[in-house]
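Let me begin by presenting the structure, written as structure tokens, before commenting on it.
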Amino acid sequence: MSVRDSLTTFLSNEPGGGLDAPVARAVLKISQAARGLSDLVSLGLLAQTGLPAIPGINGGGDAQAELDIIANDMMLDALSEAPVAMVASEELDDVALLDTGAPLAVAMDPLDGSSNIGVNMSIGTIFGIRPALYPMGSRAAAVFEAPGRAQQAAGIIVYGPQTSLVLSLGRGTHIFILDRNRGEFVLAKRDIQVPRSAKEYAINASNYRHWDPPVRAYVDDCVLGADGPRGGDFNMRWIASLVAEAYRIFMRGGIFLYPGDSRPGYRQGRLRLLYEAAPLAFLLEQAGGAATDGQTPILDLVPSSIHQRTPLVFGSVEKVERVAKYHTDPHYSAERSPLFGKRGLLRA
Ligand SMILES: O=P(O)(O)OC[C@H]1O[C@](O)(COP(=O)(O)O)[C@@H](O)[C@@H]1O
Ligand SMILES: [Mg+2]
Ligand SMILES: [Mg+2]
């Protein structure tokens, strides 16, 4: 395999059946839908405001933009031509049944970062593919009530200046770029590794007052920079598009946090375990990075419902581990900064 091989060539060389393997067929169908979606996004016709043509609320409880609904329909149409038994989508209340005897189940966020549609910023698609294994007679949703480690493949597609696919079939994480002249995704980087050291952190800092003390302490120390216990300065980034933040972290390292907070409905954060956090965690672990809910690896968590939320911390391993220490080790969350006194009061 060489850089510039097509996704089709890449998949045909994968062990376990090449292009005939169910996972390869599902990935190809998703990539074809993504090509169509990329064209639609780049035309901008649905992006004037990002507001919904027909106002609606999705299965996850968020307002839907027209493009959210179109992306969902395009992905579902594509998956109905793949060996997929069922789909759990951010845009559907319940699991959609396709070919019920087929071997795969797909969880997806058809369009992530949709608040960015109207402002011409990167948005994306997130998907995780797992075996459609469930005891006879149980609900279809039970198939998704298994840890993220059950995934066989996962990917994100970023519709940005480039349309990029970050893909793992469980043997490393690879980047493909949509080559519009060839009309297909081509391999751009094989076996990427999340850089270990980086000076960027990403968090929606407007929620500072709602965070728990360990998260405040971590961010306080980043803000203190060279004057604090970290002994060096940081940059902060917030795009409000999970796929775009993730792509930057795959390229440059760093850390992303969307913690639980004290706002009503945000105790478990904002992001969804099954179709946002778990696929990303799969890609990150395959690229030498890490993803937790603050302490526990995301891939060990079992969703109890398809739209369950989770706090999410991901990026370079050492940084993610450091955040966990702020939750468990008083040495990290206290005494190491001039803000100690304030923190002590907060924790009391
Ligand atoms: O507006 P906030 O609270 O900063 O949240 C931003 C987060 O919400 C999301 O937009 C949620 O995804 P959806 O757009 O698929 O609902 C993430 O992409 C992003 O990280
Ligand atoms: Mg999303
Ligand atoms: Mg979405």
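Each residue, glycine too, has its Cβ placed from N, Cα and C.
The average pLDDT computed over the domain 'Fructose-1-6-bisphosphatase class I N-terminal' (57-189) stands at 93. What TrEMBL lists as domain 'Fructose-1-6-bisphosphatase class I N-terminal' is 57-189.
Long-range Cβ proximity for Asp109 (Mg(2+) 1 binding site), meaning a same-chain Cβ under 8 A and a gap of 6 or more residues, is found for Ser89, Glu90, Thr125, Ile126, Phe127, Arg272, Tyr275, Glu276. In the three-state DSSP scheme, Asp109 (Mg(2+) 1 binding site) falls into the strand class. Annotation source TrEMBL lists Mg(2+) 1 binding site at Glu90, Asp109, Leu111.
Taken from TrEMBL, the feature Mg(2+) 2 binding site covers Asp109, Asp112, Glu276. The C-beta environment of Asp112 (Mg(2+) 2 binding site), restricted to residues of the same chain at least 6 apart in sequence and closer than 8 Å, consists of Ile123, Gly124, Thr125, Ile126, Ile156, Ser241, Leu242, Val243, Glu276.
What TrEMBL lists as substrate binding site is Asp112, Gly113, Ser114, Ser115, Asn204.
Look at TrEMBL and you will find 195-327 tagged as domain 'Fructose-1-6-bisphosphatase class 1 C-terminal'. When the domain 'Fructose-1-6-bisphosphatase class 1 C-terminal' (195-327) is classified with DSSP, helix, strand and coil residues number 60 helix, 22 strand, 51 coil.
For the binding-site residues Ser114, Ser115, Asn204, the greatest number of Cβ atoms within 10 Å around a candidate Cβ is found at Ser114. Each residue contributes its Cα atom, and for Leu111 (Mg(2+) 1 binding site) and Asn204 (substrate binding site) those atoms are 20 Å apart. In this structure, the binding-site residues that sit close to ligand 3, with a C-beta under 6 angstroms from any of its atoms, are Glu90, Asp109, Leu111, Asp112, chosen from Glu90, Asp109, Leu111, Asp112, Glu276. Around Gly113 (substrate binding site), the C-beta neighbours below 8 angstroms that are at least 6 residues distant in the chain are Met121, Ser122, Ile123, Gly124, Ile239, Ala240, Ser241, Leu242, Val243, Ala244.
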